[in-house]
Amino acid sequence: QRKASPGYPLIQERPKWDNKAQYLLTCIGFAVGIGNVWRFPYLCQIYGGGAFLIPYLIALVFEGLPLLFLELAVGQRLRKGSVGVWKTINPVIGGVGIACLIVSFLVGVFYNTILAWVLWYFFHSFQEPLPWSTCPLNESRIDYNLECKKSTPVNYFWYRETLNITPDIEISGSVEWGMVICLASAWCIVYICFIKGIDSVGKAVYVTSTFPYLVLTIFLIRALTLPGATDGLLYLFTPDWQTLTNPRVWLDAATQIFFSLSVAFGGLISFSSYNEEKNNCERDAVLVGVINSATSIYASIPIFSILGFKATTAFNACKDENILALTNYFEFSDQNITLQNYDYWYEYLNTTYPEKFQSLSLRECDLQKLLKQSVSGTGLAFIVFTEAVISMPGSQVWAVLFFVMLFSLGLSSMFGNIEGVLAPLNELKLLPRWMPKELISAVICLISFLVALLFTLSSGNYWVEVFNGYVGSVPLLIIALFEIIGVIYFRGMKTFSDDIYIMTGRRPNIFWKACWMVISPLLLLVVFVAYVIVQAQTRPTYQAWNPDYEKFPETEEKLYPDWVFAIIILLCVVPVISIPLVALYQLLRGRFRKSSVGMELNPYDNDAFVTDTQEQKTQRA
Amino acid sequence: MLEKILLLLSLSLSVAEGLCKPGVGEAYKVRFSIKTALGDQAYPWNKNEMFLFRAALAFAMRDFTNGEEFGVSDIHPCNETQRVSFWFVVTRPKTMDLVDKGTVEMAIKKSRNRINGAFLLTDKTLEFDGIYPTLAAPVSPDTPPWLIVFGVVMGAVSVGIIALLVYPLVQRKLKKNMDADDEDSDEETGVKTAENGANDGIYNSTFSDDERFTQM
């Protein structure tokens, strides 16, 4: 909103939230993303089920909540976006804001590609039968397509018909036009929600942040009534206390909490800067953090019920196959061997006719082994879940609901990413004044779309994995570390406590102070160092879908070629290089300014009055 | 005469039984999974069902060979098991020549649906060992459904974007017009009051007729 009155220049009012609920829903939506649905349940499964909750909650309390509180407080008090606040605290650490800008942009580009994939599946869920339930025929129309027969229809639909993936990251292939259309749609939807800045975002989040909870509840009820759901849930939640002795578990818990809360993107700072100054940000931070973790746990219940259902269905299908083979071979009457008495007959036949039995080479049907097949990420959503949905009555409804839920979760996270790009851009004053915000948003969305066309190539999935693994990890840890150092040591604990006193009416208690000054930086440093060590130990590899691989349909593990490795290094370094660069620039400039001031003798200054120093200026700010 | 007929009959029967040898020559194996298909409504397998099978197969042969008069007696089953599976061979009508496997296979493929229907079974539950069912062609609608959904979603989004961009411009234009009208009416009233003031002024006669009183 710009106001112009005669005689005065254009005053630009800072945008404001219509009400507290919009602000909270936006922050919760930003924190709760697709990772809550497809990363947390996977971690729970591989790290001993219920036992994983302990390191997870400890990490939330000692690392997640302090960081969240810090960001919200800083944004609300200094009333600027991520570049402005760090410049205000001390121009030397102004580079942190620029790093946030670059990371938000890069993450936004690949994250929306995932949403484009979700849209593709959503569009294709309106068919009967679902396109991923059967194999297409091959050219001669006598048999099914070979690649599909060797793997599964679900795998074929994902790797071939959706991605048309190449066997290697070096083979780029061509642009997939279906995916380009979906990507354009995804960016258009992001644009329409962001067209009026937080005025439109604030209204969009009423839907995008609440709808996933509705769908999760529907899935919870449906999933709990499926056969085999209890097997899945038991498997998930049975705690294996042994895993707590593995340091990798603690590392992954701390890492997961950090990335799950979406701190260090700069978006949270911007969102809280649109608040009124006297707002209890301590309560907001605790609320957002707790709701984020609660959503992860809540989402894992239907996910695991459905995984249990899928394992049971596969188990029964395996047994049915064996029953048919036995019945045909031994010429028993039809339905003499059933699922119920399968075990008895199996033992009996094995002991009575061992050689004949062996000659049949029956498949080993093991429910535990099927339950152990753990998948995370795109594999969970587009392969495992879609396969489970085929076996559920009313498949189209469940598929549509699921993909709309994923899209809402991702869209509300995208708002934070875009805000983390737009607010710093405005503050850096790189753009001409005459550009309205609608045009700026359109330009940003267009540029992001053009960059994301890289991911619509046939090798696009491999590139998304590269971005996901390296942009969204190391730079964020570094930024968060500098944020804590910036606030606690550059602004000072005392000043910051005063800030919080002004905003909430009481100073932070000993718990927050201990976390900010010691525990959280230490935890972040340990996570960062351990992360780098673990990554540096082995040459990074990726899983390639290669139909010519001898162990197909297993994915082939390949090493990243050198040029991709160089790009990975660039992705880790370029976002954070602005921090030392800006620090250096400011230090040099400060030295020059000091020396130039010394040269000028001001005839009008008789030193009777002391001019404002930098610290006093920032203290009053 | 009677003895000759009896001799011929017994000869043909024994020849026929000799013809049907499991796994050899032109014999096919067939399997029925009635309980799997029909559950509670499964019918028991008996001689009548076997007769129906032979009739159905004779029909398939007639249909394929376009009129050659196969009869029930030309289908010879053997080795029936509890599974409900047995082997069978087909002979040409009026002779004992075996029909080759290929012809039988094509005849069965042509009339597969009719044979299945006679037994209320499907391709999976009435299995001819070695004859694979022709795969159903995938349904491909004229307009792919996903394009329709995409069109609806993108149409709504585009309309929304245009509306949100154009609406404030339109509003601003309307407001400008309204503001211009307001300013015009203000000027008019302002002018009016000045005139009114000039008109309403009280004529102060104290200083008016100076000439009347003093003329120096």
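Every residue number used here counts from 1 along the chain in the order it is shown.
Every residue, even glycine, has its Cβ placed from backbone N, Cα and C.
A simple way to gauge crowding: the CB of A:Asn292 (Na(+) binding site) has 24 other CB atoms within 10 angstroms, across all the protein chains here. The Na(+) binding site annotation in TrEMBL covers A:Gly29, A:Ala31, A:Val32, A:Asn36, A:Ser260, A:Asn292, A:Leu409, A:Ser413.
What TrEMBL lists as transmembrane segment is A:21-40 (among others).
Note on the transmembrane segment (A:46-70): residues 235-244, 246, 249-250, 252-254, 256-258, 260-261, 263-264, 268, 281-282, 285-286, 288-290, 292-293, 297, 374, 480, 483-484, 487, 508, 512, 515-516, 519-520, 523-524 of its chain, located 6 or more positions outside it, place their CB under 8 angstroms from a CB of the stretch. Annotation source TrEMBL lists transmembrane segment at A:46-70 (among others).
Marked as transmembrane segment by TrEMBL: A:91-123 (among others).
Taking Cβ pairs closer than 8 Å, the transmembrane segment (A:177-198) reaches residues 15, 17, 22, 26, 112-113, 115-117, 119-120, 123, 162-163, 204, 208, 271, 274, 411, 414-415, 418-419, 422, 437-438, 441-442, 445-446, 448-449, 452-453, 455-456, 460 in its own chain, all 6 or more past its ends. Residues annotated as transmembrane segment in TrEMBL: A:177-198 (among others).
The transmembrane segment annotation in TrEMBL covers A:210-229 (among others). Only residues 6 or more beyond the boundaries of the transmembrane segment (A:210-229), in the same chain, are considered here, and those with a CB under 8 A from a CB of the stretch are 25, 32, 295, 298-299, 301-302, 305-306, 308-313, 315, 392, 398, 401-402, 404-405, 408-409.
Among the features that TrEMBL reports, transmembrane segment is placed at A:249-269 (among others).
The transmembrane segment feature in TrEMBL is assigned to A:396-418 (among others).
Taken from TrEMBL, the feature transmembrane segment applies to A:439-464 (among others).
The transmembrane segment annotation in TrEMBL covers A:470-490 (among others). Among residues of the same chain six or more beyond the transmembrane segment (A:470-490), those with a C-beta under 8 A of the stretch's C-beta atoms are 67, 70-71, 74, 86, 89-90, 92-93, 96, 99-100, 103, 106-107, 110, 255, 258-259, 263-265, 496, 516-517, 520-521, 524-525, 527-528, 531-532, 535, 568, 571-572, 575-576, 579.
A Cβ distance under 8 Å defines the sequence-distant neighbours of the transmembrane segment (A:510-534), meaning residues of its chain 6+ beyond its ends; these are 59, 62-63, 65-67, 69-70, 247, 251, 254-255, 258, 282, 473-474, 477-478, 480-481, 484-485, 487-488, 493, 497. The feature transmembrane segment is assigned by TrEMBL to A:510-534 (among others).
According to TrEMBL, the feature transmembrane segment maps to A:563-585 (among others).
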| request: Give residue numbers and ranges for long-range contacts of the transmembrane segment (A:439-464): same chain, 6 or more residues beyond its ends, CB-CB under 8 A. | output: 105, 108-110, 112-114, 116, 163-166, 168-176, 179-180, 183-184, 187-188, 190-191, 194-195, 197, 378, 418, 421-422, 425-426, 431, 542, 544
| Under 8 Å, at least three CB pairs between the transmembrane segment (A:21-40) and the transmembrane segment (A:396-418) (pairs 6 or more apart)? | yes
| message | Restricting to CB pairs under 8 Å, which listed stretch, A:91-123, A:396-418, A:563-585, is in contact most with the transmembrane segment (A:249-269)? | response | A:91-123
| message | Quick check: with A:Gly29, A:Ala31, A:Val32, A:Asn36, A:Ser260, A:Asn292, A:Leu409, A:Ser413 left out, which same-chain residues have Cβ atoms within 8 Å of the centroid of the Na(+) site Cβ atoms? | response | A:Ile28, A:Phe30, A:Gly33, A:Gly35, A:Ser262, A:Thr295, A:Ser412
| query | Relative to the Cβ position of A:Ala31 (Na(+) binding site), how many further Cβ atoms are located within 10 Å? | reply | 27
| field | Chain-internal residues, separated by at least six, CB under 8 A from A:Ser260 (Na(+) binding site) | value | A:Ala31, A:Gly33, A:Gly35, A:Asn36, A:Arg39, A:Phe40, A:Gly64, A:Asn292, A:Ser293, A:Ser296
| request: Might you list, by sequence position, any residue in that chain lying six or more from A:Val32 (Na(+) binding site) with a Cβ less than 8 Å away from its Cβ? | output: A:Ser209, A:Pro212, A:Ile291, A:Asn292, A:Thr295, A:Leu409, A:Ser412, A:Ser413
| query | If you draw a 10 Å sphere around the Cβ of A:Leu409 (Na(+) binding site), how many other Cβ atoms fall inside it, taking every protein chain shown into account? | reply | 28
